[in-house]
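Peer 1: So that we are looking at the same thing, I have put the structure below in structure tokens.
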Amino acid sequence: MSDEFEHKIETKADTIADAGSVTSGSTAGIDYVPAHERPDQELYHSHSWWTTYVFSQDAKYIGIQYAFTAIGTGLIGLVLSWMMRLQLAFPGLGILEPSAYYQFVTMHGMIMVIYLLTALFLGGFGNLLIPLMCGARDMAFPYVNMVSYWAFLLAVIILLASFFVPGGPTGAGWTLYPPQAITSGTPGSSAGIVLMLISLCVFVAGFTMGGLNYIITMLQSRARGMTLMRLPLTCWGIFTATVLALLAFPALLVGCIMMTLDSLLGTSFFMPAMISMGEHLSYDGGSPLLFQHLFWFFGHPEVYIIALPAFGIISDLISVHARKNIFGYRMMVWAIVGIGALSFFVWAHHMYVSGMTPWFGYFFATTTLIIAVPTAIKVYNWVLTLWRGNIQLTLPMLFSLAFIVTFVNGGLTGIFLGNVTVDVPLSDTYFVVAHFHMVMGIAPILVVFGAIYHWFPLITGRMLHEGMGKIHFWVTFLGSYAIYFPMHYQGFVGVPRRYFEIYDSPYIATSTLHLNVFITIAALIVGAAQLVFLFNLIYSARAGEKSEKNPWKANSLEWLTPEMP
């Protein structure tokens, strides 16, 4: 053995001995910190009511702030949908003006997708669950976390302010396609569209702060022994969705900035040379299709920004309430990651009717069908987890089962729309409305309800009322099918979407006016069931039955913490 090698061994032994002498207490006041391990994070201590409940840096309070703000905004979107349905059911009454109808369509879509579901899954559940499930004491950067919420609240205020400006909110449709969005004939084409675009920019800026916080917390602030492959699938879903958002939101941000410049400064990023209402506009050389590419490069990953946290939450709920470990944990993790990666290669299936080259249509149809493979793996693993499990038909389990059924039904209709030859005739019909709401509306909302029923005892120490919960579940689940199954039929017979009045027409095979009345009544009943849910929340938080420390006998860290930090 060489002298150099022996010298290295002696030096290493001396270093270990020195470290041991420090840990034995020979050097008072100096704590030994093992390599690659961060010291314990200081907890945030509020000093007043304002710093506890308003300007809080505690992730749990910030999560609740996100949740209340998102749900409050979502209720506005729900009321807008009722007004649209009443107009469609009774077109002769003139409940809404044509301009108001299209403005409500636009605001309803944007509120529900961005300001309700995205904010609720990532901002609400992310802040509430990530530190507790990872074993972290708080988010890695609490102050930045607080600022991210206030940016979100500012974005909501700017969005809602568009209701009160001259011309009202934009009526360009929730996809905001130019040139329609900023030409003078469109409702809200002046201040309304600008406020919408500014609101989206502020939302993206706020989420970027929050999203980086989530990722750093899960990578750097986990408890000792909590490896990445031991993280709950809820954390994996939120982590992957956050990465998608950080990569996809810049496309939306750039599109919003460019359209704002087109609207205010007369640039021509998206505006071609055109004549509007007999006037030759000053625009020249822009490409409306460029905005469609930017929007859908964000828009399709946005589907999975909402879906992946839902997949993770459902996986954990099924595991707990079936009394079994999730089947194929590693397979589920890689399925989540695979779905996230593939989501960036399917965006143009929203643009089959834009006149793209058939070869591109073939490519995007293929990738759209490929992404169904990891999604199917998750469904198979959920079913195999349920197989021979000790299933407890609790309210969280009922909502989980309803989610699986609804998501599979919505996914099957997605196979139709992924195929170019089928999508083109169905693209502008109610079939797309039905598919989109089953996958992006009802399925995620069922997960939200299941998660609230599951973690409500952890947050409040009380159980939600079982009877009111079951009324809420059955009316919501069955009522959703009563709303959207008839819409599939309407699409097949050729009923067009985006019309504020629909009458019998020789271009529509059969009359569907009676279905619009039926759908509207079902929508109002489902909406009333949500009032039961809200009453249940308020009543149970104040006077509900007190729960055990771990009423579901779960074994994840958030339930096993002796005292919530």
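Cβ atoms here come from the backbone N, Cα and C positions, even for glycine.
When I checked TrEMBL for this same protein, it listed these features:
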DOMAIN    44-565  domain 'Cytochrome oxidase subunit I profile'
TRANSMEM  66-84  transmembrane segment
TRANSMEM  104-130  transmembrane segment
TRANSMEM  142-165  transmembrane segment
TRANSMEM  193-216  transmembrane segment
TRANSMEM  236-261  transmembrane segment
TRANSMEM  303-320  transmembrane segment
TRANSMEM  332-353  transmembrane segment
TRANSMEM  359-383  transmembrane segment
TRANSMEM  395-418  transmembrane segment
TRANSMEM  438-459  transmembrane segment
TRANSMEM  471-493  transmembrane segment
TRANSMEM  513-539  transmembrane segment
Peer 1: Given pairs 6 or more apart, does the transmembrane segment (104-130) have at least three Cβ pairs under 8 Å with the transmembrane segment (303-320)?
Peer 2: yes
Peer 1: At a C-beta cut-off of under 8 Å, are there same-chain residues at least 6 beyond the transmembrane segment (438-459) that contact it? List them, or none.
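Peer 2: Long-range Cβ neighbours of the transmembrane segment (438-459): 60, 64, 112-113, 117, 120-121, 125, 128-129, 303, 306-307, 310, 313-314, 317, 320, 394-400, 402-403, 406-407, 409-411, 413-414, 469, 472-473, 476-477, 480, 484, 533, 537, 540, 547-548, 551-552, 558-559, 564.
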Peer 1: Using a cut-off of under 8 Å between C-beta atoms, tell me which stretch among 142-165, 193-216, 236-261, 332-353, 513-539 contacts the transmembrane segment (303-320) the most.
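Peer 2: By the under-8 Å Cβ criterion, the transmembrane segment (303-320) pairs most with 236-261.
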Peer 1: How about the transmembrane segment (66-84) with the transmembrane segment (395-418) - do they touch, taking at least 3 C-beta pairs under 8 Å (6 or more apart in sequence) as contact?
Peer 2: no
Peer 1: Report, as numbers and ranges, every residue of the chain located at least six residues beyond the transmembrane segment (513-539) whose Cβ falls under 8 Å of a Cβ in that stretch; write 'none' if there are none.
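Peer 2: Residues packing against the transmembrane segment (513-539) from afar: 78, 81-82, 85-86, 88-90, 449, 452, 456, 464-465, 468-469, 471-472, 475-476, 479-480, 482-483, 486-487, 489-490, 502-504.
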Peer 1: Which sequence positions outside the transmembrane segment (142-165), separated from its termini by at least 6 residues, show Cβ-Cβ distances below 8 Å to it?
Peer 2: 44, 55-59, 62, 65-66, 69, 73, 76, 107, 110-111, 115, 119, 123, 127, 188, 191-192, 195-196, 198-200, 202-203, 205-207, 209-210, 212-213
